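A short write-up of the structure that comes next.
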Amino acid sequence: MMKVLVVVALLLTLIIYSSSDGIDDLEADELVSLMAHEQTRAKACTPRYYDCSHDRHRCCRSSMFKDVCTCFYPEGGHYKEVCTCQQPKHLEYMEKAADKIKNLFG
């Protein structure tokens, strides 16, 4: 009896899954519009060493990793916090090593 219930549930799930409207393939123009939207979104990032205090999650990506908004207090009596997009050192070293390996092996 349990096997019959499992098979019926499986068939019911497959029928519902195959008849759903949300699984339709994207048409070419929809895909192009999605890509255009993604490129527009990608251009709105904050470059490295620029001020990111207005939006700390909008730093640009390097070739492998995303930069991080790093905040600090500068020396010299300024007590205002300064935030810039920077790449952490360990990620910078990993990116340089990957580039050297890529250049070594073509």
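Using N, Cα and C of the backbone, Cβ positions are placed for all residues, glycine too.
Features as listed in Swiss-Prot:
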DISULFID  CYS45-CYS60  disulfide bond
DISULFID  CYS52-CYS69  disulfide bond
DISULFID  CYS59-CYS85  disulfide bond
DISULFID  CYS71-CYS83  disulfide bond
SIGNAL    1-20  signal peptide
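The Cβ neighbour count for CYS69 (disulfide bond), using a 10 Å radius and every protein chain shown, is 18.
Put simply, of the disulfide-bonded residues CYS52, CYS59, CYS69, CYS83, CYS85, the one whose Cα is nearest the Cα of CYS45 (disulfide bond) is CYS59.
In the three-state DSSP scheme, CYS52 (disulfide bond) falls into the coil class.
CYS83 (disulfide bond) has its Cα within 10 Å of the Cα of these disulfide-bonded residues: CYS52, CYS69, taken from CYS52, CYS59, CYS60, CYS69. Counting in whole angstrom, CYS71 (disulfide bond) lies 9 from CYS52 (disulfide bond) by their C-alpha atoms. Applying an 8 A CB threshold to same-chain residues 6+ apart, the list for CYS59 (disulfide bond) reads CYS45, THR46, ARG48, CYS52, LYS66, ASP67, VAL68, CYS69, CYS85.
For CYS45 (disulfide bond), the count of additional Cβ atoms within 10 Å of its Cβ stands at 18 [all protein chains shown].
Considering other CB atoms within 10 Å as the measure, the emptiest surroundings among the disulfide-bonded residues CYS52, CYS71, CYS83 are those of CYS71. Most Cβ neighbours within 10 Å among the disulfide-bonded residues CYS60, CYS85: this distinction goes to CYS85.
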